[in-house]
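The structure under discussion appears below in the form of structure tokens.
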Amino acid sequence: MKERFLVTGGARLEGTVHVSGAKNSVLKLMAAALLAEGTTTLTNCPKILDVPYMVRVLEGLGCSVVHSGSTVEITTPAEISSNADFDAVRQFRASVCVLGPLTSRCGKAVVALPGGDAIGSRPLDMHQSGLEKLGAKTHIEHGAVVAQADQLRGANIHLDFPSVGATENILTAAVLAEGTTVLDNAAREPEILDLCVMLKEMGADIEGEGTSTITIRGVEKLHPTQHEVIGDRIVAGTWAYAAAMTQGDITVGGIAPRNLHLALEKLKVAGAEVTTYDHGFRVRMDRRPMAVDYQTLPFPGFPTDLQPMAIGISTVADGVSVITENIFEARFRFVDELVRLGADATVDGHHVVMRGVEKLSSTPVWSSDIRAGAGLVLAALCADGVTEVNDVFHIDRGYPNFVEDLQRLGAQIERVQV
């Protein structure tokens, strides 16, 4: 049964919220458990829909998975299937991260082309070319990417773009390859670093993690481990922008502020008071935000996943903002929904010009992806009246306890069945 959120605008959000493990990390760590026979335990896992989806994928490959609260235990047998179940994989984009581990462990991988958010083209070209340089043969057939290799061998690999997914699949393939792999122009996102930390805990030989050049010396075997998932910087950033948009005061825990440095700096420019701690931060805003320009870039640039929040705050800011999207070409789809709420926006290619308005007005809107959905809820908090936010299953894929956390912060929001 479909659900929607009813959001009453006008509340000033105040209080403390703690973020759980990162969606963009936990799914890749679960896939990495395929690399070692035995039981790998992940803690601080978020309560989001994509985790059970990944559990289905792993169970379809032959793993035994126990998911209890924020802990996931994955027992990988000596022999696993190389064929990832189509019905499970097509549910979400991150499922493609089993490609590297399966090619490495089984010598073959058949992974259905993934589903996920409608935010633009995200081809697997770099995933395939990376595996091919390691010695695999790859092709697309019957709606799946197929990779085969008798023995992967280390290679020098340069990525044309620092793709997060390609970096992850090359890492998980190279750790058991024969010889040394040097990956140049690798993604530097904190979630990549988290994956490298876990792989090293499993016995991988990796240097340069967190930089644009990663060196992987293949080992014969990895062993299972226990690992705590890093905090979700995108969820944390969402709360930061919620505080600024509602002229509120929110303290966020469970996150390293350095992973959100630029996003928090932008809030300072907009007029917010930002205080950072070892494992969190506080954002306080007592005025209408000032207009700020944004452009999304790979880490350490402004995250594309926070672009909807940047557009959201620009909607109600004092002045004109230009937001440039450099990662995904279709991520401005939700701007039409903001216009329905009264936003003054002009989209021109991969730029959107936002002329801030003092107040938005309620109307039904529809979420098109995880982050756009969250951005619409934040905009609804700034609107007069009650806004219906539809297709909220998108939000549930990436935000644990979203409604409950908002209610604790003072928002008037309820989940209703349609």
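Quick reminder: no glycine exception, Cβ is built from N, Cα and C everywhere.
Residues or ranges marked as active site, proton donor in Swiss-Prot: ASP117.
Residues within less than 8 Å, Cβ to Cβ, of LYS23 (phosphoenolpyruvate binding site) and separated from it by at least 6 positions along the same chain comprise PRO46, ILE48, ASP50, ASP232, ILE234, VAL235, ARG397, GLY398. If you look up Swiss-Prot, you'll see LYS23, ASN24 marked as phosphoenolpyruvate binding site, on the strength of sequence analysis.
Over all protein chains present, the Cβ of ARG93 (UDP-N-acetyl-alpha-D-glucosamine binding site) has 19 other Cβ atoms lying within 10 Å. According to its DSSP assignment, ARG93 (UDP-N-acetyl-alpha-D-glucosamine binding site) is helical. Residues annotated as UDP-N-acetyl-alpha-D-glucosamine binding site in Swiss-Prot, with sequence analysis given as evidence: ARG93, ASP305, ILE327.
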(message) Counting only residues 6+ away in sequence within the same chain, which have a CB under 8 Å from the CB of ASP305 (UDP-N-acetyl-alpha-D-glucosamine binding site)?
(response) ASN24, ILE234, GLY237, ILE370, ARG371
(request) Could you check what DSSP calls ILE327 (UDP-N-acetyl-alpha-D-glucosamine binding site) once collapsed to helix, strand or coil? (result) coil
(message) Check the DSSP secondary structure of ASP305 (UDP-N-acetyl-alpha-D-glucosamine binding site), expressed as helix, strand or coil.
(response) helix
(request) Only counting partners 6 or more residues apart, tell me which same-chain residues put their Cβ under 8 Å from the Cβ of ILE327 (UDP-N-acetyl-alpha-D-glucosamine binding site). (result) THR296, LEU297, PRO298, THR304
